[in-house]
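The following features are taken from TrEMBL:
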DOMAIN    9-432  domain 'Glycoside hydrolase family 9'
ACT_SITE  His367  active site
ACT_SITE  Asp411  active site
ACT_SITE  Glu420  active site
Amino acid sequence: VPSNTAHNYGLVLEKSILFYEAQQSGDLPPTHRINWRGDSALGDSGIYGEDLTGGWYDAGDTVKFNLPMSASVINLAVGLYKWKDAYSASNQLQHMYDSIKWPLDYFLKCWRNSAQIYYAQVGNGDTDHAIWTRPEDMTISRPPYYLNSSKRGSDVAGGTAAALAAGALAFMGEDSSYSTSLLESAESLYAFAKAHQGTYNTYIPEGAKFYSSSEYRDEMCVSAALLYLATNKTRYRSDAITFYNSYSPGRWAYDWDDKTMLCDVLLYEITQETKYKSAVENFVTSYMPGGSVQYTPCGLAWRLEWGSLRYSANAAFIALLAADAGIGNTANYKQWAMSQIHYMLGDNANDFSYVIGYGSNYPLKPHHRASSCDYPPEVCDWNDYNSPDPNPHVLQGALVGGPDQYDNYEDARDNFRTNEVACDYNAGFQSAVAGLLHFAVNGNLPAAPTPAC
């Protein structure tokens with residue numbers, strides 16, 4: 001790993017992968033390294049008893065929401081596909097393949113092609129949020145929520161098809177038979193999503209209550225673009241362009257709900273058309289100083305109070321994908337992305353790392369059930385939630401929600417705006433770190449910017 005970078009990107013990748021291990025649901029694999037986690041939710045099943053174990057718990061809770069989970073896998077798999085050398089250089093490549101295989105295996109279970117049923121969620125958010133306990137001790141009912149020919153949801157189905165396609169690309173040179181099975185599932189799920197277009201909000205309100213979808217054509221565009229890259233079938237290329245042209249995206253942010261920015265990057269790479277390039281440039285410059293996104297005094301591009309770091313990390317990921325594709329002022333884009341990631345790693349007024357376990361000063365009380373519970377036989381309940389003490393377990397690698405627009409941050413378990421963790425918070429962040437390490441390995445990472453504070 002290059003030793004001349006301002007932060008240890010390899011160590012950050014290692015820790016972020018450990019965070020995803022802490023989120024694993026189901027019968028844990030032999031590769032699992034978090035000794036305070038055990039098997040959980042082994043009864044997760046479909047309406048006909050299909051096995052739906054596995055996947056990732058969404059955040060500090062124990063629901064499996066496929067809309068944000070698939071968005072996380074897209075970001076992580078695209079980062080691995082583009083910047084595999086970063087994982088090799090940090091000796092994390094095998095851990096990374098193991099990491100994304102866990103949710104990909106789960107998505108393969110969720111799509112029942114022969115029955116034309118796609119499972120989009122396991123667990124009820126309200127029921128789940130009413131308890132505070134270890135995942136291993138859960139006794140609540142965990143209902144499955146599904147789509148079929150009469151229950152549409154091409155946002156979550158299309159997003160999952162995109163995750164499977166991105167996984168197929170990432171595994172192509174590593175495990176060709178697994179890559180092929182991912183691709184077959186991606187193609188048939190994409191066809192299902194295309195045949196039953198619409199958002200899932202009406203049909204799975206229990207998911208939309210927590211992750212309401214504003215559009216589905218962005219997911220369809222991304223999945224078609226990734227399927228084109230994986231198969232070279234021209235129909236996917238024209239589908240991606242058609243879906244892209246069929247709605248007017250706001251490009252306010254790149255997140256689990258709006259994947260348009262990734263579509264812009266992919267379509268530029270596929271077509272080399274200026275309109276996609278211009279859209280990417282407009283988005284990145286809107287996040288850079290002088291753009292429309294406000295800044296904290298210490299230099300964080302601050303979009304929204306709920307998971308503020310997620311938005312700047314995701315924008316940094318897009319900026320690095322753009323630089324990789326030769327879009328915009330690539331040196332400026334890299335330097336800006338570095339400034340945002342470095343802020344999260346401690347380049348701020350308090351030398352405070354928002355990544356748990358990285359540096360010497362980081363959050364101690366994340367809003368996260370499993371890490372807030374001591375080892376059994378200690379009871380774990382709302383007393384642990386209300387405890388003023390640090391979490392008994394260090395949730396290595398987790399990126400917390402982040403500060404307010406004035407750089408103020410509260411390390412409190414009950415503050416889920418600033419102190420929850422989530423699979424989608426870490427995904428764009430981890431891939432941005434992989435992008436920075438990729439450029440460093442190849443000798444074209446600019447000097448680190450001077451911190452604003």
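Backbone N, Cα and C define each Cβ position, glycine as well.
Whatever TrEMBL says is automated annotation, not expert-curated.
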Taking 10 A as the limit, how many CB atoms besides its own sit near the CB of Asp411 (active site)? 15
How big is the gap, in Å, between the Cα of His367 (active site) and that of Asp411 (active site), rounded to a whole number? 9
All chains considered, the count of other Cβ atoms within 10 Å of the Cβ of Glu420 (active site) is 21
